[in-house]
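Asks: One structure coming up, written as structure tokens, with questions to follow.
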Amino acid sequence: MLHHCVLHIICALFFFLPLGGADSNYAISKLGTASKSQKSLIVNFSKSRNILLLDATGTLLLSQDDGTSWQDAVSNSDPAVVEQLYQHPFEDDIVYAITKESDILVSEDAGLTWFTVTMPPKTVIEAQPFEFNARQSQSVILNAARCESGSIWTGVTCYPFTYYTYDNFRNLDSVHDSIVSCTFAVGTVEFAGQDEDQMLCLIRENDVDLQAPFNQQLISVSKGFESIDYVVFDPYYGSLGTESVVAVGQYLVAAVVDVNSKKLKLHYSTDGQIWVPITFINAPSIGSLTVTRSTSLTLGVDVESTNLKNPVGEFYTISPSDAYAVRRLNDTNRDTRGYVDVIELDYLNNTILANTVANTEDLYKRASRQKELVTKISHDGGFSWTQLERPVDLECEGDDAEDCHLHLHLGITETKFGSLSPDRLPGVIMALGSVGTHLQPLSDSDLFISEDAGRSWYLSLQGPHYYSSSAYGSVFVAVKANENSKLIYYSLDFGREWESLEVEASFRALEIIPPKSLDSLTFLIRAKVKKEESFIAIDFSSILSRECTFDEKKVANGDFELWYPFVMDDTPQCLMGRIEYYLRKKRAVSCVVRNEVPVHSFVEQICTCESKDYECSTYFEPSDHFTCEVNPESLDPLCRVDPDATLQLKPYRILLGNSCVPKKKEEKEKSISMKCPKLDHRKDIHMYHHKIQDTISNIVYMEGTGEPDSTTELLLTSSQKVLFSYDFGEEWLEFDEKKNPSFYGIYPHAFLKDTAFLLTKDRKIYFTNNKGRSFYRLDAPSPPNVVGYPVFNFHSLHPNWVMYMGSENCDDSFYEDCRSVVYLSFDSGASWQKLPDELEYCSWVLGERLLVEDKLLFCNRRRAAADSIGYDLVASTDFFETEASSIRENVLGFLLADEYVVIAALTDDETSLSMHVSVNGRNFSPCIFPQNIQVHSQQAYTILSSKTRALFIHVTLSSRKGAEWGSVLKSNSNGTYFVNVLDKVNRNELGYVDFEKVEGLESIALANVVLNSDEAFNGEEKRLGTLITFNDGIDWERLYLIDAKKHYPHCDSKCSLHFHGFTERSVFSDPTSSSAATGIIFGIGSYSYYLEPYETSQTFISRDGGVHWELIFDSPHQWAFVDSGSLLVAVPSTNKTNILYYSEDEGRSWIAYQFAEDTYLIEDLSTAPSGNSQRILVLAKGKKSSETISFTVDFSHLRSRVCVFDFNDQRDFASWTPAGRDGKPMCLFGHKTAFYRRKPGRDCFIGNTPYVSDTIISNCQCTRMDYECNYNYERIAGGTCRLVSGAEPPLQQEEQCAAEGAIEWMEPTAYKRIPLTTCEGGLVLDESTTHPCPGKEDDYHKIHPGTPVWLIIMLVLLSVFLSTIVGAWVYTKAQSYLVGAIRLGEDPADETVFAKLMTRIESVVTAVPIFFSAAYHLVRSVFVRQDRSMSLDDYDNFEGMEDAAFLEVDDIETSE
């Protein structure tokens, strides 16, 4: 039905107006007032004169007469509100309307009839949801979403959901919910793939701990999802990181964000089966790119070359013949959305228009400056470019006369004004532009037209206009832009001359929509008429009544001509190796084309190749002498595989898409032979510097998931400002510059690497869970505590559970009623609840492997007595809603350390410290130290390590200032019994100890001992010496320096290598080793009698876990592990420098790199804690005392590819097994282990390469190294264990019977097996007599059935008989040896044969009483029943959170 005026649609009016001798019809339809965010949408059709209109109110209208009259498109009493309208790109009679309720209306007859597809509830359909099949119009994919309403905190959560249909939505199937989106492989008419039903889908790998797109893979799907195949871009990552897939011309292009480098990479396919990576030679770091429309043979890609707010790009073309991207044009114009001013013209082969930025240097200085755009054109697919010639009748004035050209508005701005290529009119170009040195704004532009593919131009209309044309250029239409007018212009001769017609109402044009059907000559002009959006329909059929004639055999006789794109002196010329022509309507004739006429090119002649038909090949570049010379850098990917290779290369190649035939014996067709050049890769290192007007207090790296260099860096300055960087310090931005808050600190989440809390002085918390890309501003419940407790405590199982240690009444200077308070949040700080006031400090007990209630809290509770020392340790599992459970009184502190909960407490008389341990969070047992070690109240514990199923603690035995040292003790597996493993170990007055485990090697540690403890106690300066252990503290030895005599010829055998340890490190987080570079250890020290001062020290390295050491620098250096140790970086630490050194061969050789012009004193060499980044921060002291210079050194371009790990082909990695100084593989914890490291010299970076970090080759036979001394035993010279004087052997019945499933216990020996050893067989030192555990007697006797009495009697008789025989034989032999014997005292070297014999026999005879003892116990076990005893509760194992802590009675400690 027709709408009436009350519905804001007026009845269509027709006027027949004779204007300028021309006749035309027009009609105006008003559509009401549109909002700023909405506009009407028009869809017209190629096979009918129907038009669909979606107006701003969501009403869908249909016209069947070219827009003259309108009616409801969908016949419904309650028409749906339509929000989106889409037309099928390959069958334009099919249209889809998306309603506000996300239902789909489908029409297959140009809008005449519709059917409704009702979508499931909660479906959301956003923009561009459809994917179409170019060969099967009924096959459609719908990429939608399902949305769920969440809490106020989470909001609405939407998940991708994809549907597909093979009958145009009559039947609809959904895919698996892990599918992100799908597309058809046959997405373009040009695509040549054979499988018409193939779909390509992005699938989310839910078991991969990465964020999108790194958890997305590309899969190939057959019809109906009957089969699914994963696309493989990388042998290990598959297609992880796939961002999107698009169909462009004959190509499928997949954009992949590399998991390692975080750079964007492209892969293409021409059949949907085989994918080829595109290689960009000497391209900028790819962070954003745009795939442009391809030619028939090539693919265009524009890569963003800057990260400016006003971006600039580089244009490349790719050929399937070699998959190399060749740079064709620099400084292309881009916008922040990714749109690019590079356009290939329709209906014209190899012709490209592009806008370039002429003032790029100015943009670097100030990104907000206006770009100066210069238009260029290429007629050979981008190989050569020229500027546009201005119309001959237009000139520039003054200084601009020499550089006066025509410049055009192209893709970024021009598309809304009109199309560059008129419909089916080869060689004609229309565009708005200006004449001058660069492009002027649209308001100062005119309409220009070229009829010869851009070689010459003429001014068509002055001022900016909207413009369009009908098919084949029968009529051009234009209206003025940006001003009100009543005139509509039209031209029948390609815009040379224009006529005008006038309408009654003044309008302001917004768009011209040309007719799509050859049966129509009606143009629609979308315009504002009296502030109402309207459409003006103009029908030119009355002035173009004659139909054009076309005879394919006699073209010249009709209304078409043969048009040649390149003509000189009226003679067609070779272009791209051929003479070709197009069929084009003659300009001078007035007629309308009603039937299709071919618009493709026709080849008339193939030409012989000339110089212009060649370009430099991939590895060559043009020289100033018009020849192609090799580019050594481009050969790098080839030569790094084999640096000594001889290459066969062709310097020239025929242009892509060129058809010429080479001449015989053409020199440009010949190959040359050349050796790989030697390259200096230092120029592949990128450096950025930034001046920070402050000193640095702390740097936090938020690594998150994915590629190593995708970190966000948060920096806290000494003036309490926070800076952040998204590019590893290339640029530092100040946090919340306008409000300028002061920060207490930065607190990274302990279990979520992309989450952190920033606490301000005004009690605000800035919370991020996306690596600082955005922040939530929250309220802190109170100021932070003032006594040094961790402000935030995080839950390992529930990341949103956060504990806050705050304070009350601590604002005044007297702190009279100042106290600590504890708050809990279950929503990452959005809300807080306060725990009871008497709680001083709390911690979650749940560790990584501790199987306790996740609500379990341990807290220090203040004691009632004001003068009391320590706290009451209490526990709660309901956040103190009920009475807390008391654990122990007089507690000084507690600590979670891997598998242990450790309590330090005062004894009841407050005279000494006691330590208690639990491995289940419930039951605590006292720690029993060796009898000769007592810990008094003035002494202290330092928890050192707990990684190897044993607690290492340092017990202070001397706390005199300047003479602090103590003993390192090691516990059994449940932390209760301790043995002394090293005496006189150095510590400082803060409690830190010179004891450090080697990362990645579980049994190796370094320690410094005080060599002159007595003298140091009496006031002399401590002299330190360094020792190393390879078996977890059992044995210690000196360090071995390679070529020590060569470097230190005057140092005798008393000299050894000593290192400055943990206590002297300025930045405690700086590691001497890294688990990412297993076996590589750095040290600063001296080869001397004892450790020399730091300033005179040297730098050493070990590549084999500390077995051998090598001198690398003659002065102290700082170091960093880059890319998992495949790159080592060092910089002098005591002198000013502008040089850093890097090594690609594990420190065997070093390359100097100058990172600055001036010299600086380096304060820190910093990189991400994981050690697998390829960037480092060099932090230097500035010229001013309160100034820091940050240098970012980027090594990511130093290598050309990612390392590949393959067990069967270890070309990039080599296995390394720790070995002793004799070269034999070392058994660490009872097994030989192979670690994999990148081979020195391999041209690859590790990044996140999924390689096996370590592999157990085989278990070893047990040796003495697999045993440690039992409690109350000490190791003596020779490695044996003896009972400490005055001590008793440990009673282990309770401990052994407490183990899960224990049936028996064994009497102690002097040895016990190391908990982590996996050795098998060999030496057994920890077995002795067994007894049944209480209550397990029946089970015990099933395992050890009683020995028959007759066997016992036989064993006794046999022992007596053997003893008699052996004794008689010894006596006889001794008599013969004694004849003529002479005794020479006690010298063992002169021991007599008899003595030697007796030594051997003694071992035999001694076995007799042992044998009898065994027999006795067998007898006893038959008749005697063991006494019953109490058993301990079983212990569960868990891992805690921290690796070291210092517990001390600060209030009562005094100096001795």
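For all residues, glycine too, the Cβ spot is worked out from N, Cα and C.
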Asks: Which residue among N923, N1135 does Swiss-Prot mark as N-linked glycosylation site?
Replies: N1135
Asks: State the mean pLDDT for the topological domain 'Cytoplasmic' (1370-1456).
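Replies: Across the topological domain 'Cytoplasmic' (1370-1456), the average pLDDT comes out at 32.
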Asks: If I take the alpha carbons of N330 (N-linked glycosylation site) and N974 (N-linked glycosylation site), what is the distance between them in whole Å?
Replies: 67
Asks: Let me know how many other Cβ atoms fall within 10 Å of the Cβ of N330 (N-linked glycosylation site).
Replies: 13
Asks: Pop the Cα-Cα gap between N349 (N-linked glycosylation site) and N974 (N-linked glycosylation site) into the table, whole Å please.
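Replies: Cα-Cα distance, N974 (N-linked glycosylation site) to N349 (N-linked glycosylation site): 79 Å.
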Asks: What does DSSP give as the helix, strand and coil breakdown of the repeat 'BNR 1' (62-71)?
Replies: 0 helix, 3 strand, 7 coil
Asks: Under DSSP, the repeat 'BNR 6' (1100-1110) has how many residues in helix, strand and coil?
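Replies: Tallied per class, the repeat 'BNR 6' (1100-1110) gives 0 helix, 5 strand, 6 coil.
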Asks: When each of 62-71, 106-114, 1141-1150 is checked against the repeat 'BNR 6' (1100-1110) for Cβ pairs under 8 Å, which one has the most?
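Replies: Per the Cβ count, the answer is 1141-1150.
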Asks: Tell me, if you would, which residue among N44, N1135 (glycosylation sites) has the fewest other CB atoms within 10 Å in the structure shown?
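Replies: Each of the glycosylation sites N44, N1135 was scored by Cβ atoms within 10 Å; lowest is N1135.
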Asks: Work out how many Å separate N44 (N-linked glycosylation site) and N1135 (N-linked glycosylation site) at their Cα atoms, rounded off.
Replies: 76
Asks: Taking just the CA atoms, what is the gap between N349 (N-linked glycosylation site) and N1135 (N-linked glycosylation site) in Å?
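Replies: N349 (N-linked glycosylation site) and N1135 (N-linked glycosylation site) have their Cα atoms 63 Å apart.
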Asks: Give the residue counts of the repeat 'BNR 3' (448-458) per reduced DSSP state, in the order helix, strand, coil.
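Replies: When I sort the residues of the repeat 'BNR 3' (448-458) into the three classes, I find 0 helix, 4 strand, 7 coil.
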